[in-house]
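Undergrad: Handing you this structure, nothing more for now.
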């Protein structure tokens, strides 16, 4: 057992549902107790979805516990088949069905005989994988299912498309800014003269999956979802894939160069150098921003980055490599894929933190006292408590992270959005100086910061008055550093003298 | 099924139970705030945790006094010892938060693996020195607000059995009463006591926000009725004394287990009344309590009339309109009864579970209200089927659908006004004063869509959904 207040990645079935409901006309049936269909609420709320979420539950109740599901699951599948005539029904196990150990595969076989749609059992185990791993696996499973089916029927289309083409794999519902990223990637492909063959799973029809092998290569923009499908397509159809996330100026260029290489190997003869150069220097504003005097003020400022693999790794590289910001700590909650993360960021940060424990991350932030945090909604709340600004770069996310306006994180427009996000998260340069010169404009009382610690030290009147003169946004830091200094040297009261001594010693 | 087949009698049906509602563990969200010295430990899986974290939104960040004991594979396959594991976590909770009670919420998983929480609790309680209350609020058996019912039923067992002996604690009690009445003359205090009619002790059950508790308590005080205690109280250490023969009354329609426990295990007498939701319900609630104690209620006519007068601007908006309850929180009967009294019609009341005994008085009032307002009685659908309901909604085109969030946006996109049902659970809706809040909620979609009505933006999906 684990005491937990918060979790970064959801349970496995959420991943399966995200993939299933991203496809058009695919229905998921959860084998779950009443109340587990919370996914529908999230999709309806966060994505502001106009259509009913194609997810229903085959309810597990007391009777099921006593006698097994028996006909119930099969009946529910057949019923849904009649009601909404989906192309595919995905039977989705939950934590409950994982321990009931009912023979769901058998239900699927029986339902298949009666239903017009295809029926499939999602191959995910609640206790072994999380939301992201399950999504990755389910996508592979569906792709595999339809390619095998087409192969069997002899319906696999021959050969490649005439002009270079790509499948974009891994865009899904409830993914962080996925819709905007998808639009931006399509735009990028159009600029590069690459035809988009299929985008999966978002908005795709399972009937089109047989066309996947017609693309020249696959692009997997997110590390978490799509890699398994891409590897399957590589193994089975000899399709190369590009798994460099085009996030940030340097990485976008690297991704484009890799695509160029992959295409040229297949005889395309393309050269994107001119395009990259033009975009980087004159179209995207990010490179120019890095050079501008605004960004100078960010030099050496401390930042902490935490999130999923894709976004945390990309952000760390952008901050360190493109903006000269000092990333003290970069971390991910994708424990199962930690090696990849370490390899990606090790040269761009001082420390790496691999953890699913929010308390640990909160404490690390309190210890480091960065000028800005780039993390999930949870880190944003840590930042609120510590009075440190936070830019949200990864799920878990709230409704405000599903903006209506166009906000991609990928491609060249994405670099602009990132620059804004970074710049707006730090206290603005001039404001910073002016506050120091004029002693700050806020008169907030000092509150004890740090994730849990209270203060046991007395500040005498003069020292307290002096402390109050320190600008609000650094006051907590000065206070903590002074107290740390006093504690180490055994002072019980903090006077002006102690305060100045501390300042000299630690540069508070 | 009622055997009485007069044309106006209520009709009950039961569907498939394929409907959307919150998991009953959601009760920790309001109960941990209500019971200030408690700590709620939900013993379940990531699925439970994910639900709580998302459903409770921002609340999770204000240092919640609840957590998940997340079960891992080793717990499921009994490689780990439940007792040792729970002891480890509860010690940690004791150390970090020092609560006066730890409430264990059993979930679907603990049911399936048959973890004996009720058996483990007393042992661990003795070892830790903190009371442990066990409630099985799981999705196998219950829906949404019924979670509170399971917790309160478990707490009913923990209420002190007898009032502290007056003699033994005379001095201390005097000290306390001195403190409470400080500065006031003895005669004033006596006078205050004399404001109450002499009646057997009355304990109310149901978790309500403190302002509503005060409000209802004062409402009864006006009739000379003294509320001896509430289950739950603000703090666990203040749970009311419940002796054999006490009278109890429920304030919410979903508390049937608690009512049963109080009657059977604590030998209390249940006052079966409509629930104090809406001015009509509040009045009927007070009248029923008065009648049990042989008190002639005073001033209720004017009080109710006055409230209705103040509500007129809202009632105007709903009069003659129809409302459809998809059903997910068991408040449906009371809300429908109130809205029918406001002049609405109601073709269907969906409800997760219908206790016809506990809700008897409320059902009678609903029937009576329909007769008096001259509208057909609604069909009450227990364990509804959301898919079928949506087809019925398309057919009958109600002016307002009260539904869960899973269906609200899709219905709005099809030009159907909706109100999110969960808001009725969290808003203050009890008593005379809060009737306005119910209508504020119920009319909000109508008022909003009134201001949009000329824009031609009713249907925002391209094709109608397949029927």
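Quick reminder: no glycine exception, Cβ is built from N, Cα and C everywhere.
Below are the features listed in TrEMBL for this protein:
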- A:12-426: domain 'Nitrogenase/oxidoreductase component 1' (DOMAIN)
- A:36: [4Fe-4S] cluster binding site (BINDING)
- A:294: active site, proton donor (ACT_SITE)
- A:429, A:430: substrate binding site (BINDING)
Undergrad: In terms of DSSP three-state secondary structure, what is the assignment for the residue listed as 'active site, proton donor'?
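TA: In three-state terms, the residue listed as 'active site, proton donor' counts as helix.
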Undergrad: Take the Cβ of residue A:294 (active site, proton donor) and count every other Cβ within 10 Å, whichever protein chain it belongs to.
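TA: Total other Cβ atoms inside 10 Å, all chains included: 14.
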Undergrad: If you measure residue A:36 ([4Fe-4S] cluster binding site) to residue A:294 (active site, proton donor) at Cα, how many Å is it?
TA: 49
Undergrad: Any idea what DSSP makes of residue A:36 ([4Fe-4S] cluster binding site), helix, strand or coil?
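TA: Assignment for residue A:36 ([4Fe-4S] cluster binding site) reads coil.
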Undergrad: With every protein chain in view, how many other Cβ atoms are within 10 Å of the Cβ of residue A:36 ([4Fe-4S] cluster binding site)?
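TA: I count 25 other Cβ atoms within 10 Å of it.
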